[in-house]
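Q: This is the structure, below, for whatever I ask next.
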Amino acid sequence: MPKVKALQCALALEIRSVTCPGVVLKDKEDIYLSICVFGQYKKTQCVPANFPLVFNARMVFEKVFPEAVDPGDVVAQLEYDTALFELIQLVPPVGETLSTYDENTRDFMFPGPNQISGHHDSNRQVTMRRISGLRGIAPKLEFSTTSVITECLISSRKCRTQDKFVYHTAPVEKPHSRLQNRTSRSQKKKSKSPERNKYCINAKNYEQPTTSKSHSPSPYTKRRMCELSEDTRRRLAHLNLGPYEFKKETDKPPFVIRHVDPPSPRADALFGSPGRDCERDGWSRLHNDHSHLGCYRPKDYKVIRTPHGRDFDESLERCEDYLSSRSCSKPQHSARTLLVHSAPSTMPKHSPSPVLNRASLRERFHSDWCSPSNCDEIHDRVKNVLKSHQAHQRHLYDERDPEKEDELELKRGLLYRDSAYDSDPEYSSFQRPRGTLHLDDGEYWSNRAASYKGKSHRPIFENSMDKIYRNLYKKACSSVSHTQESF
């Protein structure tokens, strides 16, 4: 293979320190600096979280441009690359980026005269951008760069570049292990290592078109794929997963659903069949819905009918006989039916519920339940509760108590006497009951003022509360604005 000349760009980067005077970090974990140039990521050693951060790290980045003819082409291609610096603190779980700095690789490698501190010195200082965890001024990065563009032979240089790339992307070693690295390198130089030839072979193989190799699925994948339904397989057919046929290793028993025989027609009349019909229709819609094709559904299942269905029918017959014997009017029977509908759907299997053996509400509370007025009132209240969106637990009816009637009459008499006191100017204010309402700014609203102005206490009280809340809101807004101005 003939050797072709190419241009190689090398960057020697020396990172000195990161300074940020007067800034103290809240976290005490170590910090390191991550650098990305030519798409190659490298990082410095970790240092304590105390400014200034002294790194004194030296790194070399190299990249070959086989299509470049002159250095101008290399510089033009560097405009599309970005040099990135990230100051990262080892805060669990994945670390926290404190500040960053990014610049065009061309301007980073070949800075202008105003970006260099001295005429013969290549030291540079750039201001990084704060992200989080830093309070105060932005940190400043001090480093120096040396850039060289040279010619190389692409056939022999590829092996060397691959070797250097593997070495540079290795984890950063600690200083005490440098001696071991030097001895190992000297031994590798003395002996003819086959690694370089291996890199050359890999580079030649990389030029050839690559082909994907198929692997047999793992047992877990095989087991999971066997559990997919036929609908899911049809959905995955356009992915061309291959002609592999997934077969079950062991035949599993079918999915079992325990089912109870349907109740007798009399029980359906008691509980109401429309609810079950709606539930059955919803279940059929769920099975026939094409939006659930990706969900797992068993292909076959059995229905096991238990002998407890007979007990269920017997309990329903007992319940029906009990309700028919206890019912005294048609509205009461409808109320009982609604009560049964609100109970849980699961019924006892072996014996009827002990609730059926309890005494009725009439026997427990000793009230006249069978009167037509009470039954109509109960029926109307149940209708209102069912129509409302927010049904609260409340009493079905209120018993008429003579003591309550007396209290209402007493309150009416007091109100009438209060109005009579207001109309009588000779009646002393110390002898009559006070009905004044405290307003804002030391004002009071009395019954006499209400009778003169034709306004009751309620709207006056609401206006007073509106003024009070409006003043509180203004005070809160002014206090917030004062605090913001102080900050």
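Including glycine, each Cβ sits where the backbone N, Cα and C put it.
Just lifted these from Swiss-Prot, have a look:
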type	residues	note
COMPBIAS	205-219	compositional bias 'Polar residues'
CROSSLNK	LYS247	SUMO2 cross-link
CARBOHYD	ASN181	N-linked glycosylation site
MOD_RES	SER216	phosphoserine
MOD_RES	SER218	phosphoserine
MOD_RES	SER264	phosphoserine
MOD_RES	SER273	phosphoserine
MOD_RES	SER324	phosphoserine
MOD_RES	SER342	phosphoserine
MOD_RES	SER345	phosphoserine
MOD_RES	SER353	phosphoserine
MOD_RES	SER423	phosphoserine
MOD_RES	SER464	phosphoserine
MOD_RES	SER486	phosphoserine
REGION	170-221	region 'Disordered'
SIGNAL	1-17	signal peptide
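Could you tell me the structural context for the features on the list?
A: When other Cβ atoms within 10 Å of the Cβ of SER464 (phosphoserine) are tallied across all protein chains shown, the result is 17. For the recorded site, SER464 (phosphoserine), the DSSP three-state label reads helix.
Under the three-state DSSP scheme, SER486 (phosphoserine) falls in the helix class. Applying an 8 A CB threshold to same-chain residues 6 or more apart, the list for SER486 (phosphoserine) is empty.
A Cβ distance under 8 Å defines the sequence-distant neighbours of the signal peptide (1-17), meaning residues of its chain 6+ beyond its ends; these are 33, 35, 37-38, 44, 52-66, 68-71, 73-74, 78, 109, 123, 141-157, 161.
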